[in-house]
Amino acid sequence: MEASLCVLKPKSGFGLQSHRLLASTTDLRKRGLPFAGCGLAMGKRNDCFGISLSVSMGTRGSIRSLFGSSVKARSVRAQASEGDVENIPPAKVQVKSSGSVLPYVGVACLGAILFGYHLGVVNGSLEYLAKDLGIAENTVLQGWVVSTLLAGATVGSFTGGSLADKFGRTKTFILDAIPLAIGAFLCATAQSVEAMIIGRLLAGIGIGISSAIVPLYISEISPTEIRGTLGSVNQLFICIGILAALVAGLPLAGNPLWWRTMFGIAVIPSVLLALGMAFSPESPRWLYQQGKTSDAEVSVRRLFGKERVAEVMSDLDAASRGSYEPEAGWFDLFSSRYWKIVSVGAALFLFQQLAGINAVVYYSTSVFRSAGITSDVAASALVGAANVFGTTVASSLMDKQGRKSLMLTSFAGMAASMLLLSLSFTWKVLAPYSGTLAVVGTVLYVLSFSLGAGPVPALLLPEIFASRIRAKAVALSLGMHWISNFVIGLYFLSVVTKFGISTVYLGFASVCLLAVMYIAGNVVETKGRSLEEIERALNPAI
């Protein structure tokens, strides 16, 4: 986090300036008093105004005797108004790593590719599979073929958290490959709509689990200094998966039965995901939490190199010091201790969906046709290209500009784009340019979304959640994503028919502005902080 991780709050009420703290901690050392973890900010962790503090149980009496009062560290929520605090850079010297996490991030991102591919594969193939399965005139069953994936994803997103906590991250990936592969195979070989729906349901469960564990695993194995960049790669590969589904549909015009091959292609990355994860290291944070310290050290050595073992293990030890708590249950997420931070995760995904991204994508073909672009492939390619380009830019900025600033910029840009789209449909003075403005507004909206609102929530949530609730809290937040996605897909056209597309777009613009205000007041900056530092700040042990 960019904010300070602790503030000293004397119970007696007298103020302590930073120079007095420095002098006093130096005096402690001169007297030979135990003051574990206290030192200058050079290479230390948990720094607070240039001083790092980690008070152990055995030192509290010494501190009380010196200052005459109990001093405790408390976490401070970083808000936009606290610019003087948020702008303090983390004073942490990183040891150069000889290990590499990139191959394992690449394996995990096979799950992200499948996520995007299964979302996009039905768009081009629906017309052809409907004819082949005899449901060309039954729009209700076609709707079930599309939406069953989202229903399965909702179930999978909640399941993924529990599986990841019980079996570990890599084993959960291997288990996840089963419904992904079987679902794709059933869809490719379906001779009835029932078999197709079952296949889509299984594939949905698979991508739901992937949506929960891909960002979780990447965040837990990534070095602090590039965690933002690697975390945003998840969204980039989702976009690539969607584009891959679009490209896979190109032969359909000449071969109506090609839709089966389109679904069957997804079996290959599913198998590769299972094989790759069989040789990938487990999350050292999960291993440490299970009491497997030696295994955690082996995992750290493979990921970061032997030079970083002591540093990372020290972080894990500091995060767990004084708090030997069992794995959290689902009801713990709603406790007073965690609900505030868990609600932030749920709210971010709710804003992400209610801001209208799926509605804009669904309606983009009609918008482009009004501008004279009659090719569905060209329209989809333009939206997909804008998405990939924006996500690529976001990846390069994530560890430089920070997560919070990118989300603020993103939602503000989405609000402006939605306003432009709304005006292009209603202002008569803009009528001669309405088609062009609608296309520009759509592309700018997708570009703005991909800069922050798209990639940041999945990256930020594993960072702000404590380790004992991380998997389940991410799953709960993603459940909100899939539920809201399902509802919008179900009712969007009905709402447009009743109120008009211009009014709906104005509503989306309002949601984007609300998101800007919420993020400014409730979301913390996590750039440059280790997961353990963030956990100690936001979730102090009790």
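Cβ from N, Cα, C; glycine included.
What TrEMBL lists as transmembrane segment is 101-121 (among others). Residues 149, 173, 176, 180, 183-184, 203-204, 206-207, 210-211, 213-214, 217-218, 221-223, 230, 233-246, 248-249, 262-263, 265-266, 269-270, 272-273, 276-277, 280-281, 303-304 of the same chain lie 6+ residues outside the transmembrane segment (101-121) yet bring a C-beta within less than 8 angstroms of a C-beta in it.
Annotated domain 'Major facilitator superfamily (MFS) profile' per TrEMBL: 104-527, in sequence order.
Same-chain neighbours of the transmembrane segment (141-161): 118-119, 122, 126, 129-130, 135, 172, 176, 179, 193, 196-197, 200-213, 471-476, 478-479, 481-483, 485-486, 489-490, counting only residues six or more beyond its ends whose CB sits under 8 Å from a CB of the stretch. The transmembrane segment annotation in TrEMBL covers 141-161 (among others).
As annotated by TrEMBL, transmembrane segment applies to 173-191 (among others).
Per TrEMBL, the feature transmembrane segment maps to 197-218 (among others). Residues 105, 108-109, 111-112, 114-115, 118-119, 122, 144-145, 148-161, 163-164, 169-170, 172-173, 175-180, 182-188, 190, 230-231, 233-234, 263, 266, 270, 283, 458-459, 461-462, 470-471, 474-475, 478, 481-482 of the same chain sit 6 or more residues outside the transmembrane segment (197-218) yet have a Cβ under 8 Å from a Cβ within it.
Under the heading transmembrane segment, TrEMBL lists 230-251 (among others). Using a Cβ-Cβ cut-off under 8 Å and counting only residues 6 or more beyond its ends in the same chain, the transmembrane segment (230-251) has close neighbours at 101, 105, 108-109, 112-121, 123-125, 214-215, 218-219, 222, 258, 261-262, 265, 377, 380-381, 384, 387-388, 391-392, 394-395, 398, 450, 454-456, 458-459, 462.
Residues 107-108, 110-111, 113-114, 117-118, 121, 124-125, 128-129, 132, 170-171, 173-174, 176-178, 180-181, 184-185, 187-189, 199, 203, 206, 245, 248-249, 251 of the same chain lie 6 or more positions beyond the ends of the transmembrane segment (257-279) yet place their CB under 8 Å from a CB of it. Annotation comment: TrEMBL describes 257-279 (among others) as transmembrane segment.
Remote same-chain partners of the transmembrane segment (341-365), defined as residues 6 or more beyond its termini with a Cβ less than 8 Å from a stretch Cβ, comprise 333-334, 376, 379-380, 383, 407, 411, 414, 418, 421, 442, 445-446, 449, 453-454, 456-457, 460-461, 464-466, 469, 473-474, 476-478, 480-481, 484-485, 488-489, 492, 496, 501, 504-505, 508, 511-512, 514-515, 518-519, 522-523, 538-539. The transmembrane segment feature in TrEMBL is assigned to 341-365 (among others).
Sequence annotations record features per position, and here TrEMBL assigns transmembrane segment to 377-398 (among others). Only residues 6 or more beyond the boundaries of the transmembrane segment (377-398), in the same chain, are considered here, and those with a CB under 8 A from a CB of the stretch are 123, 228-229, 231-233, 235-236, 239-240, 242-243, 246, 249-250, 361, 364-365, 368-369, 406, 439, 442-443, 446-452, 454-456, 459, 527.
Annotation comment: TrEMBL describes 405-425 (among others) as transmembrane segment.
Among the features that TrEMBL reports, transmembrane segment is placed at 437-461 (among others). Counting same-chain residues at least six beyond the ends of the transmembrane segment (437-461), those with a Cβ under 8 angstroms from any Cβ of the stretch are 211, 214-215, 219, 227-228, 231-232, 234-236, 239, 345, 348-349, 351-352, 355-357, 360-361, 364, 367-368, 370-371, 373, 382-383, 386-391, 393-395, 397-398, 403, 406-414, 416-418, 420-421, 423-425, 430, 473-474, 477-478, 515, 523, 526.
Annotation source TrEMBL lists transmembrane segment at 473-493 (among others).
Under the heading transmembrane segment, TrEMBL lists 499-520 (among others).
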Folded-back contacts onto the transmembrane segment (405-425), same chain, C-beta under 8 angstroms, at least six residues removed
348, 351, 355-356, 360, 367, 394, 397-398, 433-434, 437-438, 440-442, 444-445, 447-449, 451-454, 456-457, 500-503, 505-506, 508-510, 512-513, 515-516, 519-520, 523, 525
For the domain 'Major facilitator superfamily (MFS) profile' (104-527), the averaged pLDDT of the predicted model is 85
